[in-house]
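J.: Pulled these from TrEMBL:
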{"type": "ACT_SITE", "residues": "His254", "note": "active site, proton donor"}
{"type": "BINDING", "residues": "His254, Asn255, Phe256, Arg257, His258, Asp295, Asp404, Gln455", "note": "AMP binding site"}
{"type": "BINDING", "residues": "His258, His294, Asp295, Asp404", "note": "Zn(2+) 1 binding site"}
{"type": "BINDING", "residues": "Asp295", "note": "Zn(2+) 2 binding site"}
{"type": "DOMAIN", "residues": "178-499", "note": "domain 'PDEase'"}
Amino acid sequence: MGSSSSSYAPKTIYLDVDGKVQKVAFSRHCSPCDIKELLCSSSNIPRNTAIMMVDPEGALVSIDPTMPTNSPNSLYKVISLSTGQLGEKEDMFQNLLSQVAEQFSRAFRINELKTEVTNRLAMLEKRVELEGLKVVEIEKCKNDLKKLRDEMTSRGGGRVGNCPCKYNFSDDGKKLNPRRDVPSYPKYTLSQETIEALKKPTFDVWHWEHNEMLSCLEYMYHDLGLVKEFNMNPITLKRWLLGIQENYRSNPFHNFRHCFCVSQMMYGMINLCNLPEKMTLTDMGILMTAAVCHDLDHPGYNNTYQINARTELAVRYNDISPLENHHCAVAFQILSLPECNIFANVELEAYKQIRQAIITLILATDMARHGEILDSFKHKVDSFDFTNEEHVTCLKMVLIKCCDISNEVRPTEVAEPWVDCLLEEYFMQSDREKTEGLPVAPFMDRDKVTKPTAQIGFIKFVLIPMFETVMKLFPQIEEIMVQPLRDSRDHYEELKQIDDAMTEAQKKKTENMSLGGKKK
């Protein structure tokens, strides 16, 4: 370890004592007991009094050498617990935590070990505080602490390497774990009208804030029976959804609202096609989780740009679906965090199968594989067998593809703003490609593409053929999903005719003006 003098510099915090600012400095090597005595003295509280410290928002601050520093503008407050706020069991638990922390502080001086101990203790405290552990469960926490102490002792003070969950795949340095504590987004009680609307492709995704979308996603997992099927801790489900939301970037198109849009369409198709009657609950969990994770940390520039620009992602994944591979990696990096692992209670072999299935579906969203996947499904659909694993896997790949590019299935007032968002993202990429001297796709060039030209070919040659193939297996989707696509095609063809007529009229006007000028 290094011997920099900074490791001996005193730590300073600021307290609110009777409305006045009190500065407190202590050595980074003080024990928690010494720090508590110092805080009692600074706050005019008798020594050996049980205390706790809170930040301006009322959140508990751990009293140990690793506590976060603050400023005179964000004062901590020391509160005496001697008046009986803590019950006997809780007091005993706090004393135990203090003793263990003091022992670790004396036994280890390696910064990495201190950090790991603090994080593990904080996690146990959150379990008590947030998940409402009963008195009888405190005994289990004691056992966890004992195991932790034994584990640290067995390491014999060896250097602790970086935890795998700290690896960061995000180009902009975002953390994979949620920044907000749980539960931090309000619990919305969905109306019956909203519950029914969620099951339909006509759902308007523009009227919802992020917290409301999180609550809707949470409801879907409960409603489909996935929480029960996978024995998910409801608090872990909340943490996972927060982690997901915070790892979608603020792109014009590939953002968290797009994630919600795709996930809601998947939930709608599951209901419309009565999939729970034909497939397993595990299949439902795979479909929903792949939809939620399918564009995680999308940078706003597609695979073509990644490959042509030779970006880090393209190099890492050998030009093979770099974005989709990245989305998978980030998805399972989030799931590797214990506090976000919704599959923590699934047996190892079952988890391996779930993981592989989710990866398969997310990789299927690469449009470069569209023809290959659709052709495979066309060969199976006429004799489709729901007991055939290969058939079911192919169907799931087609379903997530349908949901990923399903905006035109929705009403025009819901679908059309998505076209504007997509074109904005396309134009950002093409502008950058021009600046960097890279090839520019015509359908992304702001000087060549219009909304009608962008949509007509995509709807006619990609969307309608795929949805009509799915319709062979699920005829009930024709009225509510396939017909809107045909209407959308007709709508954009009419717009193109108007655009062409206006262009022709402008061309003739320009020619006439030119001829008039020559006569003069």
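Cβ coordinates are placed from backbone N, Cα and C, and glycine is handled just like the others.
The structure displayed is predicted, hence computed values, not measured ones.
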J.: Let me know the largest Cα to Cα distance in Å among the AMP-binding residues His254, Asn255, Phe256, Arg257, His258, Asp295, Asp404, Gln455, as an integer.
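T.: About 23 Å separates the two most distant Cα atoms.
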J.: Once the chains shown are all counted, how many other Cβ atoms turn up within 10 Å of the Cβ of Asp404 (AMP binding site)?
T.: 22
J.: Taking the domain 'PDEase' (178-499) alone, what is its mean pLDDT?
T.: 95
J.: Would you count the other C-beta atoms found within 10 angstroms of the C-beta of Asp295 (AMP binding site) for me?
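T.: For Asp295 (AMP binding site), the 10 Å Cβ neighbour count is 26.
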J.: Counting every protein chain present, what is the number of Cβ atoms, excluding its own, within 10 Å of the Cβ of Phe256 (AMP binding site)?
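T.: Cβ-Cβ neighbours of Phe256 (AMP binding site) within 10 Å number 21.
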J.: Taking the Cα atoms as reference points, how far is His294 (Zn(2+) 1 binding site) from the residue listed as 'active site, proton donor' in Å?
T.: 10
J.: Minimum Cβ neighbour count within 10 Å among the recorded positions His254, Arg257, His258, His294: which residue?
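T.: Among the recorded positions His254, Arg257, His258, His294, the sparsest Cβ neighbourhood within 10 Å belongs to Arg257.
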J.: Measure from the CA atom of the residue listed as 'active site, proton donor' to the CA atom of Gln455 (AMP binding site) and give the result in Å, rounded to a whole number.
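T.: Here the two Cα atoms lie 18 Å apart.
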J.: Taking the Cβ of Gln455 (AMP binding site) as centre, how many other Cβ atoms lie within 10 Å?
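T.: For Gln455 (AMP binding site), the 10 Å Cβ neighbour count is 26.
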J.: Can you list, in sequence order, the residues of the same chain other than His258, His294, Asp295, Asp404 whose CB lies within 8 Å of the CB centroid of the Zn(2+) 1 site?
T.: His254, Cys259, Val262, Ala291, His298, Thr365
